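> The structure is given below, and queries will be raised subsequently.
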Amino acid sequence: MAKAKFERNKPHCNIGTIGHVDHGKTTLTAAITKVLAEAGGGNTFVDYANIDKAPEERERGITISTSHVEYETETRHYAHVDCPGHADYVKNMITGAAQMDGAILVVSAADGPMPQTREHILLARQVGVPALVVFMNKVDQVDDPELLELVEMEIRELLSSYDFPGDDIPIVKGSALAALEDKNPEIGKEAILSLMAAVDEYIPQPERPLDKSFLMPIEDVFSISGRGTVVTGRVETGIVKVGEEVEIVGLRDTKKTTVTGVEMFRKLLDQGQAGDNIGALLRGTARTEVERGQVLAKPGSITPHTEFKAEVYVLSKDEGGRHTPFFANYRPQFYFRTTDVTGEITLPEDVEMVMPGDNIAFGVKLIAPIAMDPGLRFAIREGGRTVGAGVVSSIIK
């Protein structure tokens, strides 16, 4: 029989494995590819050694090691990210280098939740990972069923304490190693299939960029004699049609205007959509009323803010970051989308200073408002060089 051609006609979803060191994240990743490859559907088995030697990538100047595997179930196509070290997870989640629409939290039944289990759940909450599914691994190392129940209760309480729905989250018990070694199918292969069924069902299908509200960060502003003002940029989400009303948000008071023309590659279009680099002609807007760093957006869809809480990774000296710590009242530039805005940092009460290589949650007060929602990524810069990366976790004002 000829090999079936791989067609991506299924919805796509990005997931990853998170959890404490040595609880079995990479083994589970390999086991998923093995079990699904054997189940058919054009999947390829990727062994542990190949996932473990993750290539180093540079994202916004930060060195991150990540492994990417892909597989599909009957209902979805997945891109799955696995990181070798704890620091890689922290950097990955904060920079959004590998976007996660959901995650599989791996907890060893023998150890229960450990410090990095907590930290990864907290990070998932802070950076806005929408849903988690739990794989309780190494159940063959625990003889007492009551102990397994206790560990499950502990995991559910921990999830609830970080505002995840601990009572509802699916927890699948099994052994990733048993699945890899073709032993004990009940906790091996069957458990992996149950896990993927839970992931299919419980992790919501992400909204495609095209289906979201229109947003375009403004990169440049031109005035074209006899036509008016044109702003250019890459449409991040949604669609804008000629004749639609939009808002210009950020840096100054929000203004409404109408898009009277959309141009791409010097051709006139009826609309611009997510991914397009366009020029938008704005009715009755003076060249001086709009600037780089603002966004064009569907009216009412996004608001400007100056104060927020953020989860931040501070680059190490080796990554080209600072060589010295910084303290409260540190005033760097915050680079959002297309521009820098100065902001002042407020550290948590128990933190005196922040060292290069740290990750930390702190408050920021900008000198000018930026269009933002929780989940927006930014870089921290000093004199044009990146010294940190962050994500807005909540908006204060």
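Quick reminder: no glycine exception, Cβ is built from N, Cα and C everywhere.
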> Identify the region 'G4' range according to Swiss-Prot, selecting from 137-140, 233-236, 305-308, 385-388.
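Among 137-140, 233-236, 305-308, 385-388, the range Swiss-Prot annotates as region 'G4' is 137-140.
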> Looking at 19-26, 251-258, I want to know which stretch Swiss-Prot calls region 'G1'.
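Within the set 19-26, 251-258, Swiss-Prot attaches region 'G1' to 19-26.
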> Given 61-65, 91-95, 156-160, 276-280, which one carries Swiss-Prot's region 'G2' label?
61-65
> Quickly jot the same-chain residues contacting the region 'G4' (137-140) by Cβ under 8 Å, restricted to those at least six beyond its ends, or write none.
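Long-range Cβ neighbours of the region 'G4' (137-140): 23-24, 27-28, 106-110, 148, 173-178, 184, 187.
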> According to DSSP, how is the region 'G4' (137-140) divided among helix, strand and coil residues?
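Residue counts for the region 'G4' (137-140) by secondary structure: 2 helix, 1 strand, 1 coil.
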> Measuring Cα to Cα, how far is VAL139 (GTP binding site) from THR26 (Mg(2+) binding site) in Å?
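For VAL139 (GTP binding site) versus THR26 (Mg(2+) binding site), the Cα atoms are 17 Å apart.
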> For the region 'G1' (19-26), could you work out the same-chain residues 6 or more beyond its ends whose Cβ comes under 8 Å from its Cβ atoms?
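Residues packing against the region 'G1' (19-26) from afar: 48, 51-52, 67, 82, 84-86, 105-108, 111, 113-117, 120, 135, 137-138, 176-177.
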> Excluding the flanking five residues on each side, which residues at least 6 beyond the ends of the region 'G2' (61-65) place their CB within less than 8 Å of a CB in that stretch?
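Same-chain contacts beyond the ends: 54-55, 83-85, 88, 91-92, 95, 97, 313, 315, 318-320, 386, 389.
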